[in-house]
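Trainee: Would you mind keeping the following structure in view while I ask a few things?
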Amino acid sequence: MASPGPAGAASAAASPSPPMQLPSPFAELVKAPSGLEKIVLRGARNCCAEIYLYGGQVTSWKNDNGEELLFLSSKAIFKPPKAIRGGIPVCFPQFGTHGNLEQHGFARNRFWTIDNNPPPLPVNPAIKAFVDLILKPSEEDLKIWPHSFEFRLRVALGPSGDLSLTSRIRNTNTDGRPFSYTFAYHTYFSVSDISEVRVEGLETMDYLDNLKAKERFTEQGDAIVFESEVDKVYLAAPSKIAIIDHEKKRTFVVTKEGLPDAVVWNPWDKKAKAMQDFGDAEYKSMLCVEPAAVERPITLKPGEEWKGRLVLSAVPSSYCSGQLDPLKVLQG
Ligand SMILES: O=P(O)(O)OC[C@H]1O[C@H](O)[C@H](O)[C@@H](O)[C@@H]1O
């Protein structure tokens, strides 16, 4: 008997114009001009978020006033196999070049499907706008990474406009083999002007510098500011990091669980020019702060599941002419 359950959703995904069911009345599946499908989550007032099935990738997150909070390049290419430049690409099963797979693994350029019947996840009952996606390896994927897995991603918009991403990755190998992976939520924040931005929470942390052959250094005691290209993996970073945008008087608070590291990236002018899908001056209006597990890969035995969570909130900075109290932002 046909039912609008998960099997219905999976087979509908393969047909050309599916009347796809979503479990939340605040979520809608629409076709973007590129022809790719995306889910639009609608929260209170003008809050909303968009998630592409391609890459399982969040590309938009707007606040109460309908202002965009994530960076998406004006030159982003919405065509496989290129990953979409901006939003929140998911790097799995490899972050960066930490392995033999393509840069950042393959999850960001695969088609995910809607999972209408995911295993229960403890949730805040006030969250009404959410969607569950799932990625399983294809035959081709198994040739490049010979492990069977189920990757479930829930994207939810909270009542106060917070955006949360919860990843659950399960080893479904039937041959008894464990697997290991590295991971990142490659979050592109929209900022007014990179030279007006500082990041708090990473002071005094050790980091691997991708611009210096992954050599290990220790950050100085001050908040991080930006004057040139940055590509660092902060190790054992705190669970809250604040990105303070002085000009916009906005602070992003990044809360991470299950993800020890945090990557900070801005390509600056030279690298920006070299990227085909990134505007020459766009480095000024973006910053990537990416909760990640890089230094120590995560290992799962068959049947084991890992959970990694990211919660983003955007709050007005109390900054006027004095100093913002970093403790208030990071603890509050
Ligand atoms: O161009 P992509 O493959 O999307 O990677 C963009 C960037 O992602 C991360 O932040 C890495 O640390 C950088 O080394 C890399 O350049």
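Backbone N, Cα and C atoms are what each Cβ position is placed from, and that goes for glycine too.
Pasting the relevant annotations from TrEMBL:
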BINDING   Arg85, Gln103, Arg108  substrate binding site
ACT_SITE  His186  active site
ACT_SITE  Glu290  active site
Trainee: Round to a whole number and give the Cα-to-Cα distance in Å for the pair His186 (active site) and Glu290 (active site).
Mentor: 5
Trainee: Take the C-alpha atoms of Arg85 (substrate binding site) and Glu290 (active site) and report the distance between them in angstrom, rounded.
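Mentor: For Arg85 (substrate binding site) versus Glu290 (active site), the Cα atoms are 14 Å apart.
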Trainee: Can you tell me how spread out the substrate site is, meaning the largest CA to CA distance among Arg85, Gln103, Arg108, in Å?
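Mentor: For the residues that bind substrate, the greatest Cα distance is 14 Å.
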Trainee: When DSSP states are folded down to helix, strand and coil, where does Glu290 (active site) land?
Mentor: strand
Trainee: Under 8 Å Cβ to Cβ from Arg108 (substrate binding site), same chain, six or more residues apart: give me those in sequence order, or none if nothing qualifies.
Mentor: Gly55, Gly56, Gln57, Ala83, Ile84, Pro89, Val90, Cys91, Phe92, His186
Trainee: Of Arg85, Gln103, Arg108, which binding-site residues come close to ligand 1, meaning Cβ under 6 Å from one of its atoms?
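Mentor: Correct list: Gln103.
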Trainee: Who sits close to Gln103 (substrate binding site): which same-chain residues at least 6 apart have their Cβ under 8 Å from its Cβ?
Mentor: Gly96, Thr97
Trainee: Using the centroid of the Cβ atoms of Arg85, Gln103, Arg108 as reference, list every other same-chain residue with Cβ within 8 Å of it (recorded substrate site), in sequence order.
Mentor: Lys82, Ala83, Ile84, Pro89, Cys91, His104, Asn109, His186
Trainee: Around the Cβ of Arg85 (substrate binding site), how many other Cβ atoms lie within 10 Å? Please give the count over every shown protein chain.
Mentor: 23
